[in-house]
Amino acid sequence: MVLDLDLFRVDKGGDPALIRESQEKRFKDPGLVDQLVKADSEWRRCRFRADNLNKLKNLCSKTIGEKMKKKEPVGNDESIPEDVLNLDDLTADTLTNLKVSQIKKVRLLVDEAILKCDAERIKLEAERFESLREIGNLLHPSVPISDDEDADNKVERIWGDCTVRKKYSHVDLVVMVDGFEGEKGAVVAGSRGYFLKGVLVFLEQALIQFALRTLASRGYTPIYTPFFMRKEVMQEVAQLSQFDEELYKVIGKGSEKSDDNSYEEKYLIATSEQPIAALHRDEWLRPEDLPIKYAGLSTCFRQEVGSHGRDTRGIFRVHQFEKIEQFVYSSPHDNKSWEMFEEMIATAEEFYQSLGIPYHIVNIVSGSLNHAASKKLDLEAWFPGSGAFRELVSCSNCTDYQARRLRIRYGQTKKMMDKVEFVHMLNATMCATTRTICAILENYQTEKGILVPEKLKEFMPPGLQELIPFVKAAPIDQEPSKKQKKQHEGSKKKGAARDVALESQLQNMEVTDA
């Protein structure tokens, strides 16, 4: 995931100042741009010298061959003249005046210089890449510039009644329908572990079916992805911070051969976007085949480092969940990817409108975008039991930022003298099932249970197509209120104080008094 290097090169039509400005708007280090430009300039100088040295080496070999053909004297191990030691100034005429033995010595010096130059070039390439991979995509002009997501995300539009309030939150409702085992899940799987069971398993499967059929009717190809990826491929689709904060690493045998003791690192996927992005790795995509649209289905695994204390109860923020994803490969021309961007968020909106979930669309501020996204819109559903908007969908246009490192090129083959173009890649959540279940539970709660959304009824089993009944009491109703807790604690303290006073009084009393 990187920008085009030519964007940093003024002589190639690039504009480093534009990238520096984009970095500043992202509230990231603009100094990375200067570091990259410096390393790239030195790398290009080094490569130019290496090219000249290789030409000089070929010239040495050619001159030796001509002299041997003419049967000129080889020489008696004469030393190289001082003026010849400066390899950068050597010419064919200079070599012609040397003996064969001298030219061979010059060629050895050239070999040493090439090795030294190659080592320097590799070092500069590494320095340049370190900066390049931490520089974000160029921002779309419509992105709000701010580093405060809570205050400055721009609300683009609202659908449905986002003011209604209801009694219970999803944390209580998953228990009331007996569809969730949290404590036992944590014992088995650790923090945020859970068992989804009973009616909520059916509801989840109904959502998956409805989402896949909706996307299939719009030309998306359903695709069930691998759950883990090789490290070298994951590095091409995920930014560096994700390896520490989001991704789970697994280590397994590197081969199925019993005598092979090697081990290989792999990473569990955080979203089907990652394996689908790599699906056409190292390919040329024909213009007539675009757009290519996939409806990804996968289990997703996320560490959620940094979210300690947030949404610790229930199934809204968990380490493992199912998700249906929109993923599109688009033409880089004629604004096609931005037209597709609007189409994808519209598809997500239609899905949640058909489920009757109120929401608003927000334009995410520049400081909260990941490196790849040029722009991101989130669909945040209204949760009437929690009294808050919560994110269900993220829709991003990554332009050619991902495709470049994956080498997914636009066209059939490179044309002579033409620059290689890369496809644009876009992704958008369709349905993260656990979060959507939470939204349905809060919006469709009644006194007796959860009404089933009209569009999901055909996918639910008999007896659960109209209403999912409450079968357990709400945990919040079982817990004493804060006022009751305070009164209870106060009475305990008063009782303890009375006991201490009485004990003291008894110790000070005389026997006759007793």
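Note that Cβ sites are derived from N, Cα and C of the backbone, with glycine treated the same way.
Given the structure is predicted, the values throughout are model-derived calculations rather than measurements.
Per Swiss-Prot, these features apply:
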MOD_RES   Met1  N-acetylmethionine
REGION    9-61  region 'Interaction with tRNA'
MOD_RES   Ser241  phosphoserine
BINDING   Thr271, Arg302, Glu325, Asn427  L-serine binding site
MOD_RES   Lys323  N6-acetyllysine
SITE      Thr429  site 'Important for serine binding'
REGION    475-514  region 'Disordered'
COMPBIAS  479-501  compositional bias 'Basic and acidic residues'
MOTIF     482-494  motif 'Nuclear localization signal'
COMPBIAS  504-514  compositional bias 'Polar residues'
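Site extent for L-serine: among the recorded binding residues Thr271, Arg302, Glu325, Asn427, the largest C-alpha separation is 18 Å. Counting only the Cα atoms, the space from Thr429 (site 'Important for serine binding') to Arg302 (L-serine binding site) is about 15 angstrom.
DSSP assignment over the region 'Interaction with tRNA' (9-61) gives 44 helix, 0 strand, 9 coil.
Here the CA atom of the residue listed as 'N6-acetyllysine' lies 12 Å from the CA atom of Arg302 (L-serine binding site). Packing around Thr429 (site 'Important for serine binding') is summarised by its Cβ count: 24 other Cβ atoms lie within 10 angstroms of its Cβ, all protein chains included. Listed in chain order, the residues near the L-serine site other than Thr271, Arg302, Glu325, Asn427 are Ile269, Ala270, Ser272, Glu273, Gln274, Gly296, Cys300, Lys323, Thr429, each with its Cβ within 8 Å of the site Cβ centroid. Counting other C-beta atoms within 10 Å of each candidate's C-beta, the recorded positions Arg302, Lys323 are led by Lys323. Cβ neighbour density within 10 Å is lowest for Ser241 among the recorded positions Ser241, Thr271, Asn427. Glu325 (L-serine binding site) is 22 Å away from Ser241 (phosphoserine) when you measure Cα to Cα.
In this structure, the CA atom of Asn427 (L-serine binding site) is 13 Å away from the CA atom of Lys323 (N6-acetyllysine). Proximity of Glu325 (L-serine binding site) to non-local residues of its own chain (separation of 6 or more, Cβ distance below 8 Å) is seen for Thr271, Ser272, Glu273, Ile276, Tyr294, Ala295, Gly296, Leu297, Ser298, Asn427, Ala428, Thr429, Met430, given in sequence order.
In the three-state DSSP scheme, Ser241 (phosphoserine) falls into the helix class.
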